[in-house]
Amino acid sequence: MEEQKKLVSQYAIDHYIKSNMHLGIGTGTTVFYAIKYLSDKIKSGDLKNLKLYPTSSDTKYLLAKENITYESKFTKFSKNIDITIDGADEILLEKKALIKGGGAAHLMEKIIAYNSHQLLIIADETKIVQTLGEKVSVPIEIVPDALPFITANLEKMNFNPVLRTCKFKAGPIITDNNNYILDVKMNIENPKGAEKYFKLLPGILEIGIFNHQNTKVIYYQNGQIKEI
């Protein structure tokens, strides 16, 4: 799968990323390869004058490791980002709907993506599903003090929310925005409706269901790179 991630990352950058772009940079293992290749293109002079908008502290670290400058403050943001390049945990191709947030960064990922003209998703073949939610849980970022209320409300809906923890630390995982993550297993028949519905609950800041109006998916399947 690592080779697939590398190939789709290189394809996406070669075909869609141009000099002088405002570019959102997502989070995750596939984006790692995109950053490495982006670094090569910048060093060779093939890509120049990029303004990069990272979506997480992990991404900032990887960019800094490659000596790539990025926008640390968005106070001068005056135009939509041209493209955000990112990965996904699940992809429903027919609706170009996604589940994201395995890296606990989907709040900022969605802010950057939904302020971009295009969301460019890169993925290996394991991320393609027939029903959204069939492999992974849906992450929901919440205000910490709202945990008991949101948990109770979700349980009334017959869901089983699980507070995300980490074996390397005590207590729940804390996001870059100092919030908690609830992982909720569900099969999603109406991705757009589900995205809107759950955000009506007070205390829910963002849900990891993505329905960007201009999504391009570049994925590896049956021995070749495909796009839709």
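Every residue, even glycine, has its Cβ placed from backbone N, Cα and C.
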* To do: Out of K60, K127, K156, K167, which one does Swiss-Prot list together with T27, G28, T29, T30, D86, G87, A88, D89, K100, G101, G102, G103 for substrate?
  => K127
* Asked: Once T27, G28, T29, T30, D86, G87, A88, D89, K100, G101, G102, G103, K127 are set aside, which residues in the chain still have Cβ within 8 Å of the Cβ centroid of the substrate site?
  -> G26, V31
* To do: Let me know how many other Cβ atoms fall within 10 Å of the Cβ of T27 (substrate binding site).
  => 28
* Between any two of T27, G28, T29, T30, D86, G87, A88, D89, K100, G101, G102, G103, K127, the residues recorded as binding substrate, what is the biggest Cα to Cα distance in Å? => 15
